[in-house]
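Engineer: The feature active site, proton donor is assigned by TrEMBL to D83. Under the heading Zn(2+) 1 binding site, TrEMBL lists H84, H181, H209. What TrEMBL records for D105, E135 is Zn(2+) 2 binding site. The dihydroxyacetone phosphate binding site annotation in TrEMBL covers G182, G210, G211, S212, N231, V232, A233, T234.
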Amino acid sequence: MGHLISSTSMLQAAREQDFGITAFNVHTLEMLQAVVEAAEDTNTPLILQTTVGTVKHLGPEYIVAAAQTAAKQASVPIALHLDHCTDYELLVQCIRAGYTSVMIDASMYPYEENVRRTQEVVKVALAAGVNIEAELGKVGGVEDDIVVEEEDARLAVPEECAAFVEVTGVPTLAPAIGTAHGIYKGEPKIAFDRLEQIYKQVGVPLVLHGGSGIPEEQVKRCVKQGMAKMNVATELRIAFSNAIKDVFTANPNENDPRKYMVPAKHAVKELAIRKMEMAGCIGKANAVR
Ligand SMILES: [Zn+2]
């Protein structure tokens, strides 16, 4: 492909053609390579994501350099997205470094303040040709430093979603529909009727947060009802870490990082392909260009 692309056109194509694009949170070079290989091997469009915590851990320049290298070598379209950012300065810093998509999460504020903060980001990001995602309602669970207790999680209101997209001009929207960050206790209770109303009233691609552990038939239903992007974070971290734990269980004295990073990479790649299959984006690289 040559370079990282904005996720806007990718997600619009996904919405129009009724499939979902998987976005994977990566924390290390090996995790990034694993999901890129998964996309390459299956001719699938890819959204790489990092949390704010990972940006602080690695630095945006290192992350962008690795993602750009992947995009340069890959034959599939790749975007680099900043997940759940509440800090305007950091968000601008990531755009300057080369991120092609950002999420401004002001869902913890009242509606009007969410509008104001989203508008501020839309202005700077659109000028840079970068996609923007905003959240309405409140997704429960733990995402880096953002902790939302179960009783504080709120579903998005369809009329509010429509008005929000209209007034902010945000090109992608993450409406809370009952999914949560982290691992579910039991099955998630997804408000499909709510999603249906939001999809009918909102013309932009929708984003499904909390994609770890949602059963396959529920993922398929979400995609069918308009979720054009599915975020997967926790499950990838678990697969990565468990593979490393297995190596040390078998050989507690192992001290060559390649010996535990290679199986960890394989575990992430395998899981990424399974998630791509669930979202229906396998083989869709040509559909989003
Ligand atoms: Zn999220």
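Cβ coordinates come from backbone N, Cα and C, glycine included.
Could you give the neighbours, burial and distances for every feature on this list?
Structural biologist: DSSP assigns D83 (active site, proton donor) to a strand segment in the three-state reduction.
A coil conformation is recorded for H181 (Zn(2+) 1 binding site) in the three-state DSSP classification, outside any helix or strand.
The 10 Å shell around the Cβ of D105 (Zn(2+) 2 binding site) contains 26 further Cβ atoms across the protein chains shown.
In three-state terms derived from DSSP, T234 (dihydroxyacetone phosphate binding site) belongs to a helical segment. Cβ environment of T234 (dihydroxyacetone phosphate binding site): H181, G182, I183, S212, G213 lie under 8 Å away, each six or more residues apart in the same chain.
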Engineer: For Zn(2+) 1, what surrounds H84, H181, H209 with a Cβ no more than 8 Å from their Cβ centroid?
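Structural biologist: Neighbours within 8 Å of the Cβ centroid, excluding H84, H181, H209: D83, D105, E135, V139, G141, E143, I146, A174, G210, N231, A233.
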Engineer: Just checking, which of G182, G210, G211 (binding-site residues) has the fewest C-beta atoms within 10 Å of its C-beta?
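Structural biologist: Least crowded of the binding-site residues G182, G210, G211, by Cβ count within 10 Å, is G182.
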Engineer: How many Å separate the Cα atoms of G210 (dihydroxyacetone phosphate binding site) and D83 (active site, proton donor)?
Structural biologist: 12
Engineer: Identify which of the following binding-site residues, namely G182, H209, S212, N231, T234, place a Cβ less than 6 Å away from any atom of ligand 1, and list them by sequence position.
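Structural biologist: From G182, H209, S212, N231, T234, counting a Cβ under 6 Å from ligand 1 as near, the near ones are H209, N231.
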